[in-house]
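S.K.: Take a look at the following structure, please.
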Amino acid sequence: MTEQGMHQELREGAGTAGDEGGLEAAAMDGGADNGIDVVLVTGLSGAGRGTAAKVLEDLGWYVADNLPPELIAQMVDLGLAAGSRITQLAVVMDVRSRGFTGDLDWVRTELATRNIVPRVLFLEASDDILVRRYEQNRRSHPLQGNQTLAEGIAAERTMLAPVRASADLVIDTSSLSVHALRDSIERAFAGETVAHTNVTVESFGYKYGLPMDADTVMDVRFLPNPHWVDRLRPNTGQHHEVRDYVLGQPGALEFLDSYHQLLDVVIDGYRREGKRYMTVAIGCTGGKHRSVAMAEALAERLQDSDLTVRVLHRDLGRE
């Protein structure tokens, strides 16, 4: 929906909500009585905001694109109205909005007066991936102007740095397919409760670089490498022989016990600070054996806690 169209609808008190009927209809019949869940979708241009919005829409969220801040507040008021069935609102915001960072702060402050704390989903990707995507689509960057594409991307990254720092969930789409991005968003937003904590345990290979979205990184290259065992080399850390080999090494189980205890403390602290998402990265040389086995084992231990845990093997299959 266009910004102008939404403005017209809110002024008239009706209108269409995408292809699903009018705003007036969307605000009636059988909604939640206790409030509305709000997610602000933002991030770097070309990083996948549109895909994220489509996934949220498929999950049943009411999605609006590039609304002025005051209309976001009005949409929330519709959701708070008695009988409203708008219980989940996702708004896509980008740097084409004038005074973007100030607008985002205003929205947060305004919604706080309604006892609503909006979550911020921030999507990003590496510079080389963004350049490749823009070149493939033959599009110009919204901040490019008379500059080069790389300069436009750099300007946007600098502008959005404060937003990224305060985001609830950061997803780096550099190495994600559309399917993998959809899976990440579905796991984060499908059927969650407000107080739930979502933990992603991600294995990776140092030879391919650090995960940009990791909250904490642990190196398990202190363990012997199954790559040098002929019978284990073709398999991955998901194979029981490789897993048994890795976990059977001196110090492996002690590491898991200690790291699990440390994460319990960290996760409790994040909960107190209102952070609902955490990515724990575990790395080895190639992301095939040790980090995969340790990530699987750690995720199993975390499942015993009151957490939603998923495992992501970023570099599995790259060798």
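Please read every residue number as a count from 1 along the shown chain.
Glycine too: its Cβ is placed from the backbone N, Cα and C atoms.
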S.K.: Suppose you had to name the range Swiss-Prot annotates as region 'Disordered'; which of 1-26, 235-260 would you pick?
M.R.: 1-26
S.K.: With a radius of 8 angstroms around the mean position of the C-beta atoms of G43, L44, S45, G46, A47, G48, R49, G50, what other residues of the same chain does the ATP site pick up?
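M.R.: Neighbours within 8 Å of the Cβ centroid, excluding G43, L44, S45, G46, A47, G48, R49, G50: D94, L123, E124, A125, T173.
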S.K.: Is G43 (ATP binding site) helix, strand or coil when read with DSSP?
M.R.: strand
S.K.: Could you say which of the binding-site residues G43, G46, G50 has its Cβ with the most other Cβ atoms inside 10 Å?
M.R.: G43
S.K.: Counting across all protein chains present, how many other Cβ atoms fall within 10 Å of the Cβ of A47 (ATP binding site)?
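M.R.: 25, counting other Cβ atoms within 10 Å of A47 (ATP binding site).
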S.K.: Could you say whether, by DSSP, G48 (ATP binding site) belongs to a helix, a strand or a coil region?
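M.R.: DSSP assigns G48 (ATP binding site) to coil.
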S.K.: In this structure, which of the binding-site residues L44, G48, R49, D94 has the fewest other Cβ atoms within 10 Å of its Cβ?
M.R.: D94
